[in-house]
Amino acid sequence: MAMQKIFAREILDSRGNPTVEVDLHTAKGRFRAAVPSGASTGIYEALELRDGDKSRYLGKGVLKAVEHINKTLGPALLEKKLSVVDQEKVDKFMIELDGTENKSKFGANAILGVSLAVCKAGAAEKGVPLYRHIADLAGNPELILPVPAFNVINGGSHAGNKLAMQEFMILPVGASSFREAMRIGAEVYHHLKGVIKAKYGKDATNVGDEGGFAPNILENNEALELLKTAIQAAGYPDKVVIGMDVAASEFYRNGKYDLDFKSPDDPARHISGEKLGELYKNFIKNYPVVSIEDPFDQDDWATWTSFLSGVNIQIVGDDLTVTNPKRIAQAVEKKACNCLLLKVNQIGSVTESIQACKLAQSNGWGVMVSHRSGETEDTFIADLVVGLCTGQIKTGAPCRSERLAKYNQLMRIEEALGDKAVFAGRKFRNPKAK
C-alpha cells in the first residue's frame, strides 16, 4: 500500500523543547509519530538536527528537519511508491538519500519520524497490532511483556541536586504480570515519596524530567538506602530489585571520575575507574542491585572490560554503544558489557533499531528498550519492546503523562493478549530462555 501524503510539523516535547512530528496518510488513514530527544547524549549518537537560530526556542527549533521531510524526504518517498509494509526498503532508501554516516544531512530526527510513522502504517496495512508487526519484522514468533524499570530517584544531568549518578530504578521482577508490576511500582513510588518527605521536607518530592524525585543528597548510597526503605515499607523486599544508570561520561574528567561534578571543580577529589568500580561492588553487596548502566565513560574501554569480568550482574551499555551496530560489535569483542540499551533516536530508524537489538541478542546480551528524557505522548516503544521480546523497558517513573503513556499502552497490550500474555519477570535478562 502506497503512501499518499507525508507531512511534518514542529511540536513540543515534555521539556518544552521543539521536536519533530510526522503525519503519514495511506488509504487506511492517518498515522502519526513523534520523535523523542535526550539530555545526556552519547558523542557517537546519530545527529539530531537543530536549527541553531538563537532567536527561536534558544536555538533548539527543528524547522530544518521538518522542512527536510516536507520538501525532500516526503516527496522522494511518494515518488518512489514504496509500500509501508516494506520497512527495510523505506528506511534504506532514506538512509541512502541522506548519504552520511550519522544522518547529519536530514537529521536523525527527520528520518526517524518518518520511519516510525511508516511502521505504524505498515501494521494497519497488514491489519495487525503494531507489536505484532514489529515482531514479524524482527522474525519473532512470540511476544513478551517486559519488566518495567521505574526511574524513581533522579540525579546527574537530569536533576538540580548534588547527586552524580543519574538514575536509581526499581524493577518489580517478582510480579506475576505487567499490570501487577505497575501496581507494585506505583506503591513503592508512593512510599518513597513519603520517606523522602519525612526526611528532607516537602520540596524534596518535586519531580525531575522523568518523574522521579530529586532530593538534595550527595552520597549515591543514600539514594540506594532510600529505595531499600521504600521497598520494605511497601512490603515487597522479595519482589523488587534495583537498577542504576550512572551516566558516568557526564562526570569523566581527564581520565578520572568526579562524584561531586556539580560543585566547583577540584581535581583532588577525582577518583580512578578502578576505585569507582569498587564502589559499585559495594553497592551490589549491600543492596539488591541487579543492573548498572554506563558505569564508566564511553571511551574508557579497559575499565569496562575489567569490571565486567569481576561481577555477575547486568552491565548495560548506553553512551558506550549508542544503539550503533559498529559500537556494539566493538563492545562484544572487548567483552565490555552484557546488555544493550536500545534507543530508537540514537540510531535513527526502525530497521537499524531492530538490527541492533538482534545483533546484541545473538551475542548473548540482554536488551533494555528505553525512552529519552525529552519525551512525547507517542507510545511506539511500548509496542517495540513487546515485539522485540527484550523483557525489559525503562520509560521513567509511574508519574508524568508522557511516561505513563507507554506504561498504560503496555497494560492494554497485555489485556489484548489475554491468556497468551507472557511476562518476563525474573527472566528479564533473557526472556526467551525456556
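Here, residue 1 is simply the first one shown, and the rest follow in order.
Glycine is no exception: its Cβ is also placed from the backbone N, Cα and C atoms.
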If Swiss-Prot says HIS158, GLU167, GLU293, ASP318, SER370, HIS371, ARG372, SER373 bind substrate, which of LYS193, LYS197, LYS394 does it name for the same site? LYS394
For the Mg(2+) site that Swiss-Prot describes with GLU293, ASP318, which of these is also annotated: ASP238, ASP245, ASP258? ASP245
Using a 10 Å radius around each Cβ and all protein chains in view, which of these modified residues has the most neighbours: SER83, SER157, SER176, THR205, THR229? SER157
Note the Cβ centroid of ASP245, GLU293, ASP318, the recorded Mg(2+) site, then list each other residue of that chain whose Cβ lies within 8 Å of it, in sequence. GLN166, GLU167, MET244, VAL246, ALA247, ILE292, ASP294, VAL316, GLY317, ASP319, LEU341, SER370
What other residues of the same chain, not counting HIS158, GLU167, GLU293, ASP318, SER370, HIS371, ARG372, SER373, LYS394, have a CB atom within 8 A of the CB centroid of the substrate site? GLY38, ASN151, GLN166, GLU210, ASP245, LEU341, LYS343
Counting every protein chain shown, other Cβ atoms within 10 Å of the Cβ of SER370 (substrate binding site) number 27
Cβ neighbour count (10 Å, all chains) around LYS343 (active site, proton acceptor) is 24
At the Cα level, what's the spacing in Å between ALA2 (N-acetylalanine) and LYS343 (active site, proton acceptor), rounded? 28
Within 10 angstroms of SER370 (substrate binding site), Cα basis - recorded positions out of SER83, SER157, GLU210, TYR236, SER263, LYS343: LYS343
